[in-house]
Structure formats: C-alpha cells, structure tokens
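Asker: A single structure is presented below for examination.
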Amino acid sequence: MAVCARLCGVGPARGCRRRQQRRGPAETAAADSEADTDPEEERIEAGPARCSLLELPPELLVEIFASLPGTDLPSLAQVCSRFRRILHTDTIWRRRCREVLHRYRHILGLWQPDIGPYGGLLNVVVDGLFIIGWMYLPPHDPHVGDPMRFKPLFRIHLMERKSATVECMYGHKGPHNGHIQIVKRDEFSTKCNQTDHHRMSGGRQEEFRTWLREEWGRTLEDIFHEHMQELILMKFIYTSQYDNCLTYRRIYLPPSHPDDLIKPGLFKGTYGSHGLEIVMLSFHGSRARGTKITGDPNIPAGQQTVEIDLHRRIQLPDVENLRNFNELSRIVLEVREQVRQEQQEAGEDPAPLREPSAKGPDGPHAADSKEPGSGAEAAEPSASSGQGQPFVLPVGVSSRNEDYPRTCRLCFYGTGLIAGHGFTSPERTPGVFVLFDEDRFGFLWLELKSFSLYSRVQATFQNADAPSPQAFDEMLRNIQSLTS
C-alpha cells in the first residue's frame, strides 16, 4: 500500500485515492483516524482494491519510468504494450542522456567520418535502450531513386547509471567491446577493442566479396568495366584498414528559406564509375551549391561538386535541337562568356574554366554562331508554376541512369568541379543544372559529356539543424578545408 500511495501522490501514511473514493464519509473518517503502524497490515487491507500503475496517466508514468535505474527498463518493457510504448517516449531518453550519459549527449545528430576522400554520413540517435550510430549508405548503383541503406557502427547502452557500455557493431560476429572518446563538442572518435571480430574465416578474399555484395549489390564478375573494378578494389583496401576506428565531425542540414528554388537537403547522385554519392544542396543568395558528403579519389568528400548561378537561366532548344550536343554547348558557352565579361567589368578575377571537348558527336562546335536563344535572357516559368518543358539528353552524353524525367521545370547555368586522381589539377567546368521537380534535379557536365541525376534522401534527421546560418557556412568551410 505504501508503494501504491507514493505512486498516487498521497504520501506514505494515507490510503489509495481510488480506495478512499469508494468509501463513505464515515468509513473515510474512521480510516483517517487509524494508525499506520504495520506496513504488512496495510498490504493485506488493500487486497484486490490496490491502485494499478496501468490506471495512472501517461504523463505520470513517464516521470516514474524516467527515475528508474536503466537496468529495470528492459523488464518493464516486457510487462505490456502500453509500458513499451511509453518507454519509447523521447522525454525519458533525453533525460537519461542528460543525467545518466551526460558525457555522450552531444553526439546525437549528423556526422561525417574522416575516411580520406570517401567520407560518409553517420546519424546518431536514441533507439530504444541504446544510443546507436547508423551509417547511411546510398542505394546500389545506379538506382538513385531507391531508399537509403543503413547499418549500425556502434551502440551505447542506456541502462547503466554510473558508466556506459560502448559496443562496436562492425563486422558479422555481433556486438563486441568498443570505446568512444569525445574530442570536443563537434568532434568524437570511435575505437574497436576487438578487431578480430571483423575478420572472416575465408580471409581477405571472403571479406572483399562480402563487402562488395553489401556495397554494390553484385560480384566482381558482374562488373565488366576494368576501371570500375580498380576503383572498387581501391575503396575496399582503403576503407577496411580503419577497422571502425574513426574520427567524426559534426555536419548540419542546410537552413531553408521560403524563397529557395526547392527545399535544400541531402540528395543521392550518380557519379559514373564511382557509383552513387551523397550531396548536400544549399542556397546562398543567388547561388546554389552542391557539397559532397561522400566522395571519391577524384573529388573527395567535403568539396563543392557543383555551383549554380540562379540569375542565369537557360532556355533549352526544342527537343530535336536539344539532341544536338553542339547546340547545347553553344548556348552554355554564350552564357559563360557573359559571366566572364561581367566579372572583368566588376574587377573580379574569374575562376579558370576549361573549354568543352573540341568536337561533339556531330562535328565541331558552332562557337561563332550568333543565333538567338541565350539562356541568360530567356523567360522561364517559375519553379512553383507546375509548367514544364520537354527534356532529353543530347546524343553522345552518357548517364548511369537512363530513367530520368523527360520534362523539366527550369534550367540554370552552373559549373562542376573535375580533377585528376588524387584531387590533382582541380578545375571548374561549365554545365547545366536541370530542375525536374521538388525532389529531383540533374547536372549535365559539358567537359565530360556526362549527366548526373540526383534524388532527395527521404529521411527525417533529428538534432541536425544548424544553430545559425553562420554556423552552417563555417561547417561547410571546415569540411572543405580537410580535403583541399
């Protein structure tokens, strides 16, 4: 009865409120005059009329459960479905992160691992009785429209009151001993203390084939392109040496504004033989930027892969002329020349840009042609108008995914970053940003005669908003400087 009384909030020396409500006035007065001297007698007197936790409101149960030792919570979750639902309340786990695991509360949110040029996307969340670090992976190439994949890299138990157990989840032998070190507020590192759990009985060959199935969804025999085989093998050798001993740096989602062309955020994009990569689209006044969250040996993670000039709309020719690569190149180069002239008049130092390939599929470029149709001056429908124009890739332009939309809303002049292996001789080259809808866009690389299709990452991320636009810009500069 004492326990029931405390849960009901009437104190240890009085009976249950529900029991009192069932008594008459005379019985209540008599009960109040009785001495509370024998707890055992109280328990017997209560009998079947004792108060049940199930009758308490959810708000009170949250308060009660949040005060219990973490070791009691797994058993409590097995009592009934109502308790299990309440135990998934964020309030309980936020409090446990703050009070029990206060040293780990800062690691909730989005992070980028330092894996050389490859980068990555880690989402640290409270999941049931654990804090779990989930690595988000793009879908298998070239299915850019498929949902993201994810796998756990580590977890922290939320059951211990004074200490926390950290487990490494890497490999195929189950959880094992790990360690997390908080370097500073926006940086932490993980270490596996039992890397033998990452090894497979078949040796490196079995580990590679398993990794290849998970990473690419195929076997090496299925990949006929020799250059792609080299890139895949290189990535396996490079990334596997870390053994889940990594340093992570915080990243934020880009802030949004009502005037943005589309909602900023994370997108999956096709990058030729490198497969699918994750890009963050953000808006900065009259510019939009695509920053790599995952990267490759040519353009590493953290670099700005594309930049779009939102003041330079491009009016595409009709479908028949659009199939002619030379015609599209002529339009884009006219816009680029206007940009150069305006930069020179303003006293700016224009960034060096490479000329597209001297010859297209149908002969030399018509660079001296003076036909009208410059995209910088052509009128376009607004992004929200729902109007569109036919779109088709010019002949000779390659695309990893041929299932791109055949209607686009808007097109803009932009530049894309290309470089040699090892990020050597990086240069920005002209291209076309193609907006299809709220969740898809493309970029046509004139120099490479290649087309990248991007699709929005459809996931909700908590604790990922930048505290200010300045903090977001600083984050972009920091991740870019790591690979410059």
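In case you wondered, yes, glycine gets a Cβ from its N, Cα and C as well.
Automated prediction, rather than curation, is the source of TrEMBL annotations.
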Asker: Identify the region 'Disordered' range according to TrEMBL, selecting from 281-338, 339-396.
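Answerer: Going through 281-338, 339-396 one by one, TrEMBL flags 339-396 as region 'Disordered'.
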Asker: In TrEMBL, one of 19-42, 139-162 is tagged region 'Disordered'. Which stretch would that be?
Answerer: 19-42
Asker: Going by DSSP assignments with H, G and I as helix and E and B as strand, what are the residue counts for the domain 'F-box' (50-96)?
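Answerer: Taking the domain 'F-box' (50-96) as a whole: 34 helix, 0 strand, 13 coil.
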